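Asker: Okay, handing you the structure first.
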Amino acid sequence: MEKSARPRTALNECVKVVVRCRPLSEREKNEGFEEVKKSRTEQTWYERLSTKTPVDNKKFDARLQVVKVWPERGAVQVYNPKGQDKMFTYDAAYDASADTQTMYDEMVRPLVASVLDGFNGCVFAYGQTGTGKTHTMEGTAEHEGIIPRAFRHIWAHIETSASPDVTHLVSCSYIELYLEDVRDLLSKDCKKLTIRGQELNGFYIPEMTSVVCKSAAEMVRVMRAGNRNRAAGRTDMNEHSSRSHAVFLVTIETAHRKTNRIRVGKLNLVDLAGSERQRKTGASAERLREASRINQALSSLGNVISALAENSPHVPYRDSKLTRILQDSLGGNSKTIMIANIGPASYNYDETITTLRYAHRAKAIKNKPVRNEDPKDAKLREYQAEIERLRALIEQRKVQERKPRKQPRARTMPAPDNSEEDTVSIENENILAESTIEQEKRQMEELEAQIVALEERLVQGGGGGKELLNNLNEAQLVLEARRSEITQRKAREVEMQQRIELEEETTASVTSTFATLQQEVDHKTQRLKKCLSKYACLREEMVEQREAHDGERREHEALQAALIAELRRRLLVADSFVPDAGRPAVLRARYNEDTDTWELREHSGVEPLAERPVAGGARRRPTCAAALAQRLARQRAENVLDLAPLPLPSTTRTYTPPRHNHHTQSVPTPTKKEPEMEPVSVARKSARPTRPSTAHQRLGTAGVR
């Protein structure tokens, strides 16, 4: 088995998290926000505010700056108005005085260098709306952001490594995710695109516009052209708020002629839209709909970060198209940097804490970056094959031109009658041959022009013939090495400082010695206070987490209710208007998320269970199958209301009362003194009709009814 000189895979590395705090905006300064500086030796937060503004435990209205950044330790301290201050540590932290160039040199430059070496890289900005994400990624004409600096870094490396044996191809694309629709920002009509998935290469987007660039200035022009098509709007918190998530994709292909290998590095530069709250942004109508979609996508991203941080067996990448796009960047084949942007003002305290917590969780995400060597879909290989084909075609044409053409047969004995005809035919043959030659020349010129156009797309070094250029390249290489060394040293210093602070508390009890018992009591009392303070801080954090969880649950319930209502509305429309003949096909349709299409399942042959009949197009209520049965043809056009009712036979009898004999009723009751007078027969005959039988009673009762 052949062994490679350099391994294709790198060790598992965690996502690097950077926090950047913006300065107070002009609006916040005009509203009276001011900075509060506090060290560990100063009084507590409540004592500080008690002399300035009364504090309510339920509501905090002090217009102060609550974020303190410690760049030398990579820590961010947030002053909690309701309790203990909160401290978070990251790979790097930058306050308002730090510029973008410093952050790029220390954190982003090593990642872009690894992309030039054939790895996948991703830089994305995350945070609340109005915290400076777009300024960090794109910047302005005076203050460039990360994206333009990455362009200049890429082309400086290409010019530095100029060699006739190395060929580069740089292409870029620009897409946005607006209302859960992927749109191409480089196309004229901003057409909608479809995300497709692959097992090895992650996601890919067919029909996406790809522009081949030959300089950093050309890439900047492409970015600005895409920004003109990007969705933006105004809110109360941001004058130019991004209403979509934007992804700028840069693909760098490098071919080495000696080794005949191609390396492909992909760099994804992501500018996420900020999370919003309607009461702060004042969004309504279309802006409110956009904010709902933005928050839904960011919520899915937060769920993915939490699942990866907890090593969950299931990661919900498919909950949103944003998480599908960032699938490789979070837990996949990529080196990733997350830039968490926060605001310093106190009225954004809840959003700042949420952003810092998500960023702290992202530190635990582990990626598995792999160098991309000799991929099958490399455009550089396609261009080289096309150039070779065109050159072979030109050589074939040249060989055909060198061959002697067949001369027309000489007539030994030309007939005097055909001399003019022969002259005309020879002239026609000459004209045809000249036109053929001209056509072949034009075809060769077109082929050569195609070769020149393809070669112009490829950036190739011109060989080290100039001593000045060589010296400049060497100086730039040395400068790059020094910068990387300085960055590594600073990273080690921050890591060592964090370890020292973590181990100070554990080693204090071991290294401390006491001269008296009172000193030991004071020391243990101080440690007990620290432990109680930590315990109180953890309890406060649990309460805040519970409140945040309840808020998210309410938002999810409201979203679920809205989705269920929309689903019921669509089902009602489908049940009311879809014809019965097409209903089985609709029930067999299933949505394929990989291909973003609807597919029909194979018919199983098993009839589904009978369901409760639904209302048809002209029926107001559910109708059973018996009522929908076919009626007789002669009864279809008859109106029941116009027909006379048919006489029905009676099923009851009329009640007839029994006859009574008045003579029998008037006979007195016989006494004992007159035994001879006993009208027994008469009395029995007359008494029987007075008590009708039970059957007659029932019949009479039925007749009365």
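Numbers here mean position along the shown chain, with the first residue as 1.
Here the Cβ of each residue, glycine as well, is placed from N, Cα and C on the backbone.
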Asker: Give the range, chosen from 430-457, 458-485, 598-625, that TrEMBL lists as coiled coil.
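Answerer: In TrEMBL, residues 430-457 carry the label coiled coil.
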Asker: If you count, for each of the binding-site residues GLY127, GLY130, the other Cβ atoms lying within 10 Å of its Cβ, which residue has the minimum?
Answerer: GLY130
Asker: Sorted by position, what residues of the same chain at least six away from THR131 (ATP binding site) have a C-beta under 8 A from it?
Answerer: ARG22, GLY274, ASN341, ILE342, GLY343, THR355
